[in-house]
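J.: As listed in TrEMBL for this protein:
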type     : residues                               : note
BINDING  : SER107, LYS113, GLU114, ASP143, LYS284 : UDP-alpha-D-glucose binding site
BINDING  : LYS285, ASP309                         : Mn(2+) binding site
REGION   : 422-457                                : region 'Disordered'
TRANSMEM : 20-37                                  : transmembrane segment
TRANSMEM : 49-68                                  : transmembrane segment
Amino acid sequence: LAEARQPLWRKLPVPSSQINPYRIVIVLRLVVLCFFLRFRIMTPANDAIPLWLVSVICELWFALSWILDQLPKWSPVTRETYLDRLALRYDREGEPSRLSPIDFFVSTVDPLKEPPIITANTVLSILAVDYPVDRNSCYVSDDGASMLCFDTLSETAEFARRWVPFCKKFAIEPRAPEFYFSQKIDYLKDKVQPTFVKERRAMKREYEEFKVRINGLVAKAEKKPEEGWVMQDGTPWPGNNTRDHPGMIQVYLGSQGALDVEGHELPRLVYVSREKRPGHNHHKKAGAMNALVRVSAVLTNAPFILNLDCDHYVNNSKAVREAMCFLMDPQLGKKLCYVQFPQRFDGIDLHDRYANRNVVFFDINMKGLDGIQGPVYVGTGCVFNRQALYGYDPPRPEKRPKMTCDCWPSWCCCCCCFGGGKHRKSSKDKKGGGGGDDEPRRGLLGAGTSWRRSRRG
């Protein structure tokens, strides 16, 4: 019980031996910059005053930009989570789980430009995360109303019946099959079950057959019939006109009878294609996310939402639990708007720190922003508080009234202890609107590497 009451996370500042030399360099550069600007201002070019003025203004602007860029890097922080304490508090063995439900949002537009096999791997990694299946739902937004995406999710739901129990039985990482089977590592490390090798070979064969079926769907989608696509029951596909079609929702998993090969329940998988009409601005990805917020509010209404791009798979199956260490914290959770996780990339040059890997942005700039006010939202890999998206604050508990005495008349504003009496308290309530914490919501940068993006050539 004492361990369960401990904080679920802690903030770790960067060691002074690492950050102080960088701060010293910043200060020295700032001093040199001040002397340089003083020299430029005090020595004008009298024969070319307009050009001198323009150059000085540009130099002042660049100096200001450099100073603003250094401020977030002054005090970076890292955060460490305690998953064992989270389990003791909300997910004890032998008891019903009290972890908060979460809705995953995956957005895609054109399956011919965004390979369906990559989208399928993203969905499979979500369905196999280490989280209670009755509290995990995946919504896929098809903004192109493509029948290829619809059929791909149908095949993915069928393959998930075998892939999800395999991952959880042998603690597979990562849980996207394309990237798990392509790893050049010793996959037998830490594996003690005698049936692992046999089942892994069988699963790899089934995944290759799954890829062949997806490739067949892609080849079929490249030749669109003149009369449009027709579904298996003979009715025309509602999304033949991608700019004018009704909304479509299909639940693949999560209903009665949708069990895996071992008879266990699977997370909910929902296909969503929002309604589109000509002459209306649909706001692209933002509009698709808004549609998913409304659909998920009717079906599951989970208090937390995690959005991913279709080529952005879950690299750490415990990432959702790490986010819950912040969002379900008794003190910080009510003030938190979102938790932003860093990204990692596959299939790129490991020595490129800026253009592709974004190490400087995620490991330096974002941690620096987290140390002063909070990281920015980068568009994917972020866990949102649904109430923060709705635009209103959660209910605020009433503050406990202060202790006062009744030894003075009610019209007197002081008490025998020289504290604030009833009159003072009532005036404060009228002025401030009652109790509660008015601190705005903020964001946090999640701990560890939890999301990985596949680069397409």
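Any Cβ shown, glycine's included, is placed from N, Cα and C.
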J.: Sort out the residues at least 6 away from either end of the transmembrane segment (49-68), same chain, that have Cβ-Cβ distances under 8 Å to it, and list them.
T.: 30, 33, 37, 40-41
J.: Between ASP143 (UDP-alpha-D-glucose binding site) and LYS285 (Mn(2+) binding site), how far is it from one CA atom to the other, in Å?
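T.: Cα-Cα distance, ASP143 (UDP-alpha-D-glucose binding site) to LYS285 (Mn(2+) binding site): 8 Å.
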J.: Counting Cβ neighbours within 10 Å across all chains shown, tell me which of the binding-site residues GLU114, ASP309 comes out on top.
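T.: The most densely surrounded of these binding-site residues is ASP309.
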J.: For UDP-alpha-D-glucose, what surrounds SER107, LYS113, GLU114, ASP143, LYS284 with a Cβ no more than 8 Å from their Cβ centroid?
T.: THR108, VAL109, ASP110, GLY144, LYS285, ALA288, CYS310
J.: If you count Cβ atoms within 10 Å of the Cβ of LYS113 (UDP-alpha-D-glucose binding site), leaving out that atom itself, what do you get?
T.: 9
J.: Which binding-site residues (SER107, LYS113, GLU114) fall within 10 Å of LYS285 (Mn(2+) binding site) by Cα distance?
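T.: Neighbours among binding-site residues, in sequence order: SER107.
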J.: Determine, using Cα-Cα distances only, which of these binding-site residues is closest to ASP309 (Mn(2+) binding site): SER107, LYS113, GLU114, LYS284.
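T.: Its closest listed neighbour, by Cα, is SER107.
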J.: Would you find the one among the binding-site residues LYS284, LYS285 whose Cβ has the most company, meaning other Cβ atoms within 10 Å?
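T.: Its Cβ has the most other Cβ atoms within 10 Å: LYS285.
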J.: Using the residues the record lists for UDP-alpha-D-glucose (SER107, LYS113, GLU114, ASP143, LYS284), what whole-number Å value is the largest Cα to Cα distance?
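T.: Largest pairwise Cα separation, rounded: 16 Å.
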J.: Output, ordered by sequence, the same-chain residues six or more apart from SER107 (UDP-alpha-D-glucose binding site) with a CB under 8 Å from its CB, or 'none'.
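T.: Spatial neighbours, sequence-distant, of SER107 (UDP-alpha-D-glucose binding site): VAL140, SER141, ASP143, LYS285, ALA288, MET289, LEU292, ASN307, LEU308, ASP309, CYS310.
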